[in-house]
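Peer 1: Here's a structure for you.
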Amino acid sequence: MSDKSHQIYCYFWLFGLINNVLYVVILSAAVDIVGPTLPKSLVLLADIFPSLAIKLCSPFFIDRIKYSYRIWSLITMSCLGMFLVSFKNLFVCLLGISFASISSGFGEVTFLQLTHYYKQISLNGWSSGTGGAGIIGGASYMFLTSIFKVPVKLTLLVFSLLPFAFLFYFKLESNDTNLTYQSLQQIDEAEDDQLVPFPVAFTHTNASQSLYSTRQHILQTVKRLRRLVFPYMVPLTTVYLFEYLINQAVAPTLLFPINGDERSKSMPFFFHKYRDIYVTYGTLYQLGVFISRSFGHLMRMRSLYILAFLQGVNLCITVLQSWFYVTHSPWAVMILIFYEGFLGGASYVNTFLNILEQEDPDETEFAMGAVSIADSFGVFLAALLGLGLEPKLCRHQIADDRPWCRME
């Protein structure tokens, strides 16, 4: 790897880390934000819906915004969001989560599009960085709050300073990325005489021409999106639906007794509260994500639907454990959660590697940003379903004389 390639890899690793670490910390803090009585999917919903909305809308407007302007927007929204999350008021917390979510979704689209300019080395760095965000965010939150007993508010405020690392974007060697991207302007008009390229900046035209241009731009964008649905979006959505149902709806109920004679001798020493179990699951999940996103390019899986099927099997196993209490030791569940994260990370990196390999170069930048809608949509569906699934599992456990899901 040349010095230039190494530098690009490191920068995109850092961008992936910072863009995702706040998302991870917020999900790790879900049990501290809403407590044991409210479903953790409430935090997931606030953490994913704004991100999904910005991703759904971005193909229609993002080409007008310079990358430098996007970076400053990311820093502002992320810092403000984490500052608000540190408040104890639930409404203010959820508002802060929404700001951080918008930043995360907008950042993912932005940096995935930037990989179009810096090729696979940048995607490898980005994917590894997003995986690193998981393990660093999850593990640091676990160590700070569960082992070192740092107050949750102070921990969240410390994380609010991290987005300033996005300023390293301005250290990237110029590759015309300060301009708005031009892929929408590269449509071959010979293929469709009626297509009118959407302008990067508005010019003085009459209202009817502008309206016609906008309508044609929207129709063309929808046409380009439709082609990406089944090869990339459906399997990625399915994987994320299954894994986030596990993480935010089932995992909070995968508990074991930590007090008295019922406590297993094999229980980790730092399991003092039931929230410690949940936070540990999150860390193990993120460890699996980190490993697969870092080395997924070495273990290529081009059939994305296989990964979706395997993740569905994991969901079934965890629901059975929650309902029937099959194993009384946490270690088997902890290994399964790690494996679940590994599959999720593998699905993510292989999806975008497939795009780089299979899509036309003129369409790659658009496809990279557009397909990022899929993972957020899967998480959004999981959040909605989880609002009902976690309470149902918890009620069954209480009736089965396992009231741990309502205990701190």
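Residue positions begin at 1 at the first shown residue.
For all residues, glycine too, the Cβ spot is worked out from N, Cα and C.
Note that the coordinates shown come from a computational prediction; the quantities given were computed from them, not determined experimentally.
Feature table excerpt (Swiss-Prot):
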- 1-30: signal peptide (SIGNAL)
- 42-62: transmembrane segment (TRANSMEM)
- 80-100: transmembrane segment (TRANSMEM)
- 128-148: transmembrane segment (TRANSMEM)
- 150-170: transmembrane segment (TRANSMEM)
- 238-258: transmembrane segment (TRANSMEM)
- 323-343: transmembrane segment (TRANSMEM)
- 369-389: transmembrane segment (TRANSMEM)
Peer 1: Tell me whether the transmembrane segment (42-62) sits in contact with the transmembrane segment (128-148), defined here as at least 3 Cβ pairs under 8 Å among residues 6 or more apart in sequence.
Peer 2: no
Peer 1: Looking at 128-148, 150-170, 238-258, 323-343, which one has the highest count of Cβ pairs under 8 angstroms to the transmembrane segment (369-389)?
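Peer 2: The stretch I would name here is 238-258.
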Peer 1: Who are the chain neighbours of the transmembrane segment (128-148) in space, where the CB to CB distance is under 8 Å and they lie at least 6 residues beyond its ends?
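Peer 2: Apart from its flanks, the transmembrane segment (128-148) reaches 12-25, 28-29, 32, 155, 159, 270, 272, 275-276, 279-280, 282-283, 285-287, 289-294, 341, 345, 348.
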